Amino acid sequence: MTNIRKNHPLLKTINDAFIDLPTPSNISTWWNFGSLLGACLIIQVLTGLFLAMHYTSDTMTAFTSVTHICRDVNHGWMIRYLHANGASLFFVCLYAHIGRGIYYGSYLYSETWNIGVLLLLTTMATAFLGYVLPWGQMSFWGATVITNLLSALPYIGTDLVEWIWGGFSVDKATLTRFFAFHFIMPFIIMALAMVHLLFLHETGSNNPLGLISNADKIPFHPYYTMKDLAGLVLLILTLLTLTLLFPDMLGDPDNYTPANPLNTPPHIKPEWYFLFAYAILRSIPNKLGGVIALIMSILILALLPLLHTSKQRSLMFRPLSQCLFWLLVADLITLTWIGGQPVEHPYIIIGQMASTLYFTIFLVLMPIAGLIENHMLKL
């Protein structure tokens, strides 16, 4: 009798993706983050679903409905903080996943990579929409400032902003549509993730050496299912530690004050995982220039396959490019710190230098380093 998992139409798909999938035998822990992102997405959808059962998207009751969830709903506080801190861990895994893709040259699978960039943009949009929903001070002013950036677009800007707001300011219509979009977008993310996996399984996984590994592959199960399970245990442990011991560590105290259009907070800033992009936005004095820099800070990832000049795929044997990669990591940490600081000296100039360095590494230094390393191979 033939094995049902290899012949049943539905089970065959699952088998080919998660059980008998031929996987390089040498992929490291950095390859765990894909499955961890899937776990984060499931956690976010489930906790979000239970929150949506009690949340009301009305400016008069949104803030009190979140308070009601925390005080009166069974384990509501836990669901709320699992959702909020789950978003932070989602972005930790996302940035680690992208970092691994850059370090080991995974971006040369351009279809998989471009779907990944699209996934990043969709996830960032979803997180921004979700941050507005509790309708605290930072929610309201964050929504006002970020949506207002679209007014920098020539000719259509003002009309576009009012169309998104559903009026002449951020109000009930804005909150309702943000809730609707925040609810639907995780399902779009799920669909995109499936396309991401589809393209990945067309080519097979990359590996730390950046070499073709067809001669040395092992089945995904049990080897990598166990490895992913170990990563999942650590992820859940971290999430529970954050949620149960330090629930507000990554949040903003201003969001415990109900939204007040008449009182602007002294420092408007987004969640920590957007601070690097916010710092790049603020580092350019011109409004339209800032918006373009903000968008390009993410879209520059889509250019990586075109900017690859090295004869080697991975950075494993490229010391010059390795130095630039870790310089980029340090630069992103600096930008994240600057994004949370007030707009004053010396933070302005540090932000401008860090923003310039960010784009220079991607557009100039990395391609040049690749060419130098090619030349060094001939010596």
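Placed from the backbone N, Cα and C atoms, the Cβ positions cover glycine too.
Long-range Cβ contacts of the transmembrane segment (33-53) within its own chain (Cβ-Cβ under 8 Å, at least 6 residues beyond either end) map to 69, 79-80, 82-83, 86-87, 89-90, 93-94, 96-97, 100, 130, 182-183, 186-187, 189-190, 193, 228, 231-232, 235-236, 239. The transmembrane segment annotation in Swiss-Prot covers 33-53 (among others), and the record cites similarity to another entry as its basis.
The feature transmembrane segment is assigned by Swiss-Prot to 77-98 (among others), with similarity to another entry given as support.
Sequence annotations record features per position, and here Swiss-Prot assigns heme b b562 binding site to His83, His182 based on similarity to another entry. Taking the Cβ of His182 (heme b b562 binding site) as reference, residues of its chain lying under 8 Å away and at least six apart in sequence are, in sequence order, Gly48, Thr126, Leu129, Gly130, Leu133.
The heme b b566 binding site feature in Swiss-Prot is assigned to His97, His196. In three-state terms derived from DSSP, His196 (heme b b566 binding site) belongs to a helical segment. With a 10 A radius on its CB, His196 (heme b b566 binding site) counts 21 other CB atoms from all the protein chains.
Taken from Swiss-Prot, the feature transmembrane segment applies to 113-133 (among others).
If you look up Swiss-Prot, you'll see 178-198 (among others) marked as transmembrane segment, on the strength of similarity to another entry. Same-chain neighbours of the transmembrane segment (178-198): 17, 37-38, 41, 44-45, 48, 52, 55, 57, 112, 115-116, 118-119, 122-123, 125-126, 129-130, 132-133, 143, counting only residues six or more beyond its ends whose CB sits under 8 Å from a CB of the stretch.
Other Cβ atoms within 10 Å of the Cβ of His201 (ubiquinone binding site) number 14 in total over all chains. Under the three-state DSSP scheme, His201 (ubiquinone binding site) falls in the helix class. The ubiquinone binding site feature in Swiss-Prot is assigned to His201.
What Swiss-Prot lists as transmembrane segment is 226-246 (among others).
According to Swiss-Prot, the transmembrane segment annotation covers 288-308 (among others), on the basis of similarity to another entry. Proximity of distant same-chain residues to the transmembrane segment (288-308), defined by a Cβ-Cβ separation under 8 Å and at least 6 residues beyond the stretch ends, is recorded for 98, 102, 105, 107-108, 110, 113-114, 117, 120-121, 124, 149-150, 152-154, 276-278, 280-282, 355, 358-359, 362-363, 366-367, 370.
Among the features that Swiss-Prot reports, transmembrane segment is placed at 320-340 (among others).
The feature transmembrane segment is assigned by Swiss-Prot to 347-367 (among others). Here the transmembrane segment (347-367) has Cβ contacts under 8 Å with residues 279-280, 282-284, 293, 296-297, 300, 303-304, 307-309, 321, 324, 327-328, 331-332, 334-335, 338-339, 341 of the same chain, all six or more residues outside its ends.
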Distance [Cα-Cα, Å, rounded] between His97 (heme b b566 binding site) and His201 (ubiquinone binding site): 17
Other parts of the chain folded back onto the transmembrane segment (77-98), taken as Cβ under 8 Å at six or more residues beyond its ends: 30, 33-34, 36-37, 40-41, 43-44, 47-48, 50-51, 66, 69-71, 116, 120, 123, 127, 130, 235, 238-239, 242-244, 247, 250-251, 271-273, 301
Positions whose Cβ lies under 8 angstroms from the transmembrane segment (320-340), at least six residues beyond its ends: 99, 102-103, 269-270, 272, 274-280, 282, 310, 347, 350-351, 354-355, 357-358, 361-362, 365-366, 369-370, 372-373
Under 8 Å by Cβ from His83 (heme b b562 binding site), counting only residues of that chain that are 6 or more apart: Gln44, Thr47, Gly48, Leu51
